[in-house]
Amino acid sequence: MNKVYSTIENNLLLKILRNSFISLMPITIISSFFILIVNFPIPTFTKFMEKNFDLLWTTALPSIPNAFNNLIGLFILISIAYNYCKIKEKDYILYITSTIFAYFIFLPLESPDQLIDSLGSQGIFFSMLCALMTCGILTVSFKKKKKINLHSSVPREVAESFEYLLPLLTTTVVLFLIKLVLVTLKIDNPSSMINGLIQVPITNLGSTLPAVIIINLGITLLWFFGFNGSYLFNSIMNPIYFSLNMENLLSITKGEVPQNIITGTFQSLFINFGGSGSTFALILAILFFSKNSDKKSIAKVSFIPGLFNINEPIIYGLPILLNFRVFIPFILCPVVNTVIAYFSMSVGIVAKTNGIQIPWTTPPIISGFLSSGVSGAFLQMALIALNIMIYAPFVTTKKEGTFIG
């Protein structure tokens, strides 16, 4: 199992995608911050601002998230090209400019509306494919080792530029042939085609309740056996969750009600409190109910990190790894949270997540409020209380050798 996990974890494609979405977190959080200000979950505040600062509130502030929303496809394209170069040790300028060049070869430049859609959230998967394809073609072209060699007296920068000519020409010819095939097949907008054939079906599948339950079971199982399940599954699911987040975010900026229940925000804020296995509830259960002073000491040390969703101290301190006495609550809590949160949002008791990128270290209740308003904060409080009750029987026993009592 160790070998399988290591193979998947070190997969080049997954590593590039994972790092690419991580690289976009700063600009995503900044954009989300401005969306949060404009759509603050207190109606009286927003009405006051609209009435007294109309120009600022309706024109100036929204321009920042609008720029992000309308160019997210391009940002992902550049981020993937950058991280490809970083991992494979390639020339950044050549690969990034070539990828942008290829991207605009395929975009419907003659149709402004379709172009905006392609540059935005609808073109996320197309951007990913275009970047990976272009970088791959360039890499293969360089492996042919056919280059224009100039005299040693020529400055190094000039010589390098000429060395790039043949690989870049080869890449351009391949891209032209692909474009020719698409035109022959009357596919004017490959971004829209990819969105319909790949992005929509995959996001629809990834946004189902069974899929999220299976994913979180996988995450907690891997953690139980000592592997970073979040690291592995997020590499696979990040593009899907990011796309679902962007759909909700776009709805918010248009003044519409978000449609997606399952999003990256849902996954990070309403399923695991304090880290995988909802271990913040375990920490509180130990502090409230355990009679074991050693375990209480570990819980006290783990409390602050757990509050900010860092659970390594409690995972390795008790320990939880391969401790089958904690297996049931550790696996059960995320599943229970997923089901309750899903149905709470589906029936309208709790507001769906607004798609805003909230840092994963944001403490519960605050994060729930920022994502789904007051109802989100109350849902988090209720789920944490329920998780404490699930863990409680496993921390109150006094029998020698039992889990943590």
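Count begins at 1; order follows the chain as displayed.
Note that Cβ sites are derived from N, Cα and C of the backbone, with glycine treated the same way.
According to TrEMBL, the feature domain 'PTS EIIC type-3' maps to 1-394.
Same-chain residues lying 6 or more positions outside the transmembrane segment (21-42) and placing a CB less than 8 Å from one of its CB atoms are 57, 61-62, 64-65, 67-69, 75-76, 79, 82-83, 238-239, 242, 249, 252-253, 354-359, 369-370, 372-374. Positions annotated as transmembrane segment by TrEMBL: 21-42 (among others).
Remote same-chain residues near the transmembrane segment (67-85) are listed as 16-17, 19-21, 23-24, 27-28, 31, 91-92, 95-96, 98-100, 103, 116, 118-124, 126-128, 130-132, 134-135, 191, 246, 249-250, 253 (criterion: CB distance under 8 Å, separation of at least six residues from the stretch ends). Here TrEMBL flags 67-85 (among others) as transmembrane segment.
The transmembrane segment annotation in TrEMBL covers 92-109 (among others).
The transmembrane segment annotation in TrEMBL covers 124-143 (among others).
Feature annotation from TrEMBL assigns transmembrane segment to 164-185 (among others).
Per TrEMBL, the feature transmembrane segment maps to 205-224 (among others).
TrEMBL lists 270-290 (among others) with the feature transmembrane segment. When Cβ-Cβ distances below 8 Å are used as the criterion, the transmembrane segment (270-290) is approached by residues 212, 216, 219-220, 223-224, 229-230, 296, 298-300, 302-303, 306-307, 309-312, 314-315, 320, 326, 329-331, 333-334, 337-338, 341, 364, 368, 376, 379-380, 383-384, 387-388, 390-392, 394-396, 404-405 of the same chain, each at least six residues removed from its ends.
Look at TrEMBL and you will find 326-345 (among others) tagged as transmembrane segment.
For 365-390 (among others), the entry in TrEMBL reads transmembrane segment.
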Overall pLDDT of the domain 'PTS EIIC type-3' (1-394), taken as the mean: 86
